[in-house]
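Participant: Pasting the feature list from TrEMBL:
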{"type": "DOMAIN", "residues": "41-287", "note": "domain 'G-protein coupled receptors family 1 profile'"}
{"type": "TRANSMEM", "residues": "25-47", "note": "transmembrane segment"}
{"type": "TRANSMEM", "residues": "59-82", "note": "transmembrane segment"}
{"type": "TRANSMEM", "residues": "102-120", "note": "transmembrane segment"}
{"type": "TRANSMEM", "residues": "141-168", "note": "transmembrane segment"}
{"type": "TRANSMEM", "residues": "205-225", "note": "transmembrane segment"}
{"type": "TRANSMEM", "residues": "237-258", "note": "transmembrane segment"}
{"type": "TRANSMEM", "residues": "270-289", "note": "transmembrane segment"}
Amino acid sequence: MERDNGTVVTEFILLGLTQSQDVQLLVFVLVSVFYLIILPGNVLIILTIRSDPALTAPLYFFLGNLAFLDASYSFIVAPRMLVDFLSKKKVISYRGCMTQLFFLHFLGAGEMFLLVVMAFDRYIAICQPLHYPTIMKPRACYALLLALWIGGFAHSIVQVALILHLPFCGPNQLDNFFCDVPQVIKLACVDTFVVELLMVSNSGLLTLLCFLGLLASYAVILCRIRGHSSEGKHKAVSTCTTHIIIVFLMFGPAIFIYTRPFRAFPADKVVSLFHTVIFPLMNPVIYTLRNQEVKASMKRLLSRYKAC
């Protein structure tokens, strides 16, 4: 970070989501209300799955972890963004920026790999139901969970390591409301073409391959269930449809942000807002609203607390 002229960048200035005070106030109110309503819903999902002995199947185990990952992911950006809306000077330290970037990609990649694991779980459950209890044992579920955490860590540490080797010696204004790879790289005072190429390969290509793999797996599942009974077919189609919705919500913005050269587009900030704040909190809620077992268990849990 130190250059010949002795200049060191110790902090970054966030330009924010928008410069309009009216728009900032509107987004602040909407995100705050959304956050206060949906976040407790995610916590309720986790408590419901943890407290109900009937929800011990791998599907619910992974759903509980998805709710935890999404709630944690939203904490990386949203609280600071809300505070910055009320601040005139939006500043984040160099270390704080690197920390935010690390956890953003750590939890984001972890969730991406979790969706792959959930697709694998549904494939075994629907296409090989007789082998499902043998394959998806609790030990296997914990092993898959550990693998996705390790995968997320490996992905994120590569991102941060590449940025830490870049010198920052001049401009320190990030044209965003949080620290992310595309904006941070542009502030380096060296040619970043090779680093950008590595970043696109690490984030963009990985995201795109997982997305296409997930779509292919659900296409195979939907083809396989055509011969099932009407009741089992309806349940399987409902589950797969929910998973596909989440795949598009999760991967659509990520593909838009990370699979292209790091050039600014007018829609970048809006896409980033939905990718980092809105969609993560919605994912477990969408799963729950389409899952009768979880909804019934949640109602029992709430009625039990009301009775107390």
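Placed from the backbone N, Cα and C atoms, the Cβ positions cover glycine too.
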Participant: Report, as numbers and ranges, which residues of the same chain sit near the transmembrane segment (205-225): CB under 8 Å and 6 or more residues beyond its ends.
Facilitator: 109, 112-113, 115-116, 119-120, 122-123, 126-127, 155, 232-233, 236-237, 240, 243-244, 247, 251, 254-255, 258-259
Participant: Check the domain 'G-protein coupled receptors family 1 profile' (41-287) for me and report the mean pLDDT.
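Facilitator: Mean pLDDT across the domain 'G-protein coupled receptors family 1 profile' (41-287) comes out at 87.
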Participant: When you scan the chain for residues with a C-beta under 8 Å from the transmembrane segment (25-47), skipping those not six or more beyond its ends, what do you find?
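Facilitator: Same-chain contacts beyond the flanks: 17-18, 63-64, 67-68, 70-71, 74, 78, 81-82, 85-86, 273, 277-278, 281-282, 284-285, 288, 294, 298, 301-302.
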Participant: Hey, which of 59-82, 102-120, 270-289 has the most Cβ-Cβ pairs under 8 Å against the transmembrane segment (237-258)?
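Facilitator: Answer, by Cβ pair count: 270-289.
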